[in-house]
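Only one structure is covered here, and it is reproduced in the block below.
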Amino acid sequence: MPTSRFQIGDTVMGRWPGSNLYYEVKVLSYDNKTLLYTVIYKDGTELELKESDITSLTIFKQGVARSRSRSRSRSPGRPRRSRSRSPARTSRRSSSRTTDVRKEKLKEVLEVRLTPVSMTHENNSNSKNEKKEENNTANTASTITEEKTETESENQAGGRYNLRRRKDQGDGKTVELEQKTETEVLSQTKPPTAIKTTDLEFGGRVGVFFLMFLLPVAVLASLILCGQKDASLQSFPLELPSLQSLWDWQVFGIVLLWLLFQAVLSLLPVGKLVEGMPLKNGKTLKYRINGFYALLLTAVAVGVGVYQEVDLSYIHAHFLQFYTSALLIVTLLSVYLFVRCRWASEDELAPGGNSGYIIYDFFMGRELNPRIKNFDIKFFCEMRPGLMGWVLINFAMLQAEMKHQNLENPSPAMLLVNIFQLLWVVDGFWHEEKLLTMMDIVYDGFGFMLTFGDLTFVPFTFTCQAYYLVSHPNELSVFWIITLITMNGIGYYIFRKANSQKFTFRKNPSDPAVSHLKTIPTATGKSLIVSGLWGWVRHPNYLGDIIMGLAWSLPCGFNHLIPYFYLIYLFTLLVHRNARDERQCRKKYGSAWEEYCKAVPYRIFPGIY
């Protein structure tokens, strides 16, 4: 059994995740399985750190003192003290050949820009000033052998340093040594080791096993009920539907062509290229933002098809077959994603899908951003085929209603459902760039959970109202029409305003659009908004979603519960997301999150929840 280097109760220096800053922390516990220390910072934040991110107070202070003394000794205003040459040091009066060799060796030295570590926020600002002074004064370089000798001796004393080339400076050459943590040096030669997932969601291995079967069956059951004349739960058929009603190779081919068509549109060189959020290794990925253009081109293609008298009501007649075809593609894609993640590097894995349990990791997804060259599979599936399929299915149901009910024009209820949901989809593609800051992209791996949600749950559950109205027409009075339009408008305003504020604040807290908002600072350097919509409830965007979802379901009337299954699904999903958000925020922000919860006590519904 591995032994811990630090004992419970020890006061040590712990590196803040994602930065070069060290703070005093107290060791609370050590897990022999994950090899992680649970530590607590002075502000009450508890985090799990690797042993390489922790150092003793003595070694840390020695390294800081040594770094500062070197920076002072190398100031241009001080005479440089003579020092003995190392045995391997070459003479300054070297030949051109020696100079060439030296230059070749110099290329092999790893060069990275470093930030001095600090123990507190005050020390951090001081060290930044010292570094600024160093950068303004030191501009020379030493020989390779001298650099290596000094670096190795200082590494043995507990600190890691890195060398950077300087310009010549008159009377000689000097070396600038910048302090570097052990983990930063190692990260230049090998990717950081992914932390094993210990906090399992959805009930752990057993929970996700049942979810993988229950979710597809639940969606299929709701579709069967929506298509029946009597959509009550009591009339649910006890016999399984026939294979012919569930599968058709022609339908499967249509679904494949739809995915291929959307993939081609996503690769068109139109729209801007933007960078996503920084990854664990410090890199950022580029994304082509052209979803709105793809939506317009898709609308043109559908319009041409309608002009050529293509009967879109075919989708309604084979709706179950379209669902099972999409479900098969989801399964095959999930298997491919799980197999390919075996060749992914450790820093490419998602923090929530690395438990070591096959079923759990298959469901949650191990790889964070699976890509085939420049084609990002997760970013593509997140919106393109599912949301555009949602709009296409709704339009097909509108045509099917006119055909089945012998109508010259679609009913007001069907029109409201189509318009409300089209507005939501258009808004999503217009603000496609904001997707890059969402939890699905930043945190979640791409596995069965997201592929099922993107390619089957969204297009076949969010369309249940339109599918229901084909066989269950519902008349709406003028009062109800005005009420529903007002309700959807209020929900949309809350949803869009909240999401826009969140995106703008994350991108630039000093932006005039959000600079007036009151905030609570945290130890991570970020702040939490406690005014405006975000001071009303913790997730106003979720509140807007639920209000819009209610406006989408009410046009179906109150004869059956089945059109409201979508609303139940949505509420359950948002409550779960809320729980995930709060668990991660409490762990990340510590005491600042507790203060935030007191300032904003309600999660989604003001005065209720």
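From the backbone N, Cα and C atoms, a Cβ is placed for every residue, glycine too.
Averaged over the domain 'Tudor' (4-62), the predicted model has a pLDDT of 81. What TrEMBL records for 4-62 is domain 'Tudor'.
Look at TrEMBL and you will find 63-175 tagged as region 'Disordered'.
If you look up TrEMBL, you'll see 67-95 marked as compositional bias 'Basic residues'.
The annotation compositional bias 'Basic and acidic residues' is assigned in TrEMBL to 99-111.
Here TrEMBL flags 206-227 (among others) as transmembrane segment.
For 247-268 (among others), the entry in TrEMBL reads transmembrane segment. Counting residues 6+ beyond its ends, the transmembrane segment (247-268) has Cβ neighbours under 8 Å at 288, 290-291, 293-294, 297-298, 301, 318, 321-322, 324-326, 328-329, 374-375, 380, 384-385, 388-389 in the same chain.
Among the features that TrEMBL reports, transmembrane segment is placed at 289-307 (among others).
Annotation source TrEMBL lists transmembrane segment at 319-339 (among others).
What TrEMBL records for 442-470 (among others) is transmembrane segment.
If you look up TrEMBL, you'll see 476-495 (among others) marked as transmembrane segment. Beyond the transmembrane segment (476-495), the same-chain residues lying 6 or more positions past its ends with a Cβ under 8 Å from any Cβ of the stretch are 411-413, 416, 420, 423-424, 427, 533, 540-541, 543-552, 554-555.
Counting same-chain residues at least six beyond the ends of the transmembrane segment (516-537), those with a Cβ under 8 angstroms from any Cβ of the stretch are 16, 41, 43, 45, 494, 497-498, 501-502, 505, 509, 543, 588-590, 592-593, 595-596, 599-600, 602-606. Per TrEMBL, the feature transmembrane segment maps to 516-537 (among others).
Tertiary proximity for the transmembrane segment (557-576) is limited to same-chain residues at least six positions away from its ends with a CB under 8 Å from its CB atoms, namely 222, 225-226, 231-233, 413, 457, 461-462, 464-465, 468, 472, 474, 539, 542, 545-546, 549-550, 604. TrEMBL lists 557-576 (among others) with the feature transmembrane segment.
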Distant-in-sequence neighbours of the transmembrane segment (289-307), which means Cβ under 8 A and at least six residues beyond its ends: 261-262, 265-266, 268, 270-274, 383-384, 388, 391-392, 395, 425-426, 428-430, 432-433
Distal contacts, the transmembrane segment (206-227) - CB-CB under 8 A, six or more residues away: 233, 235-237, 241, 319-320, 323-324, 327, 359-360, 363-364, 448-449, 452, 456-457, 460-461, 464, 467-468, 471, 560, 562-563, 565
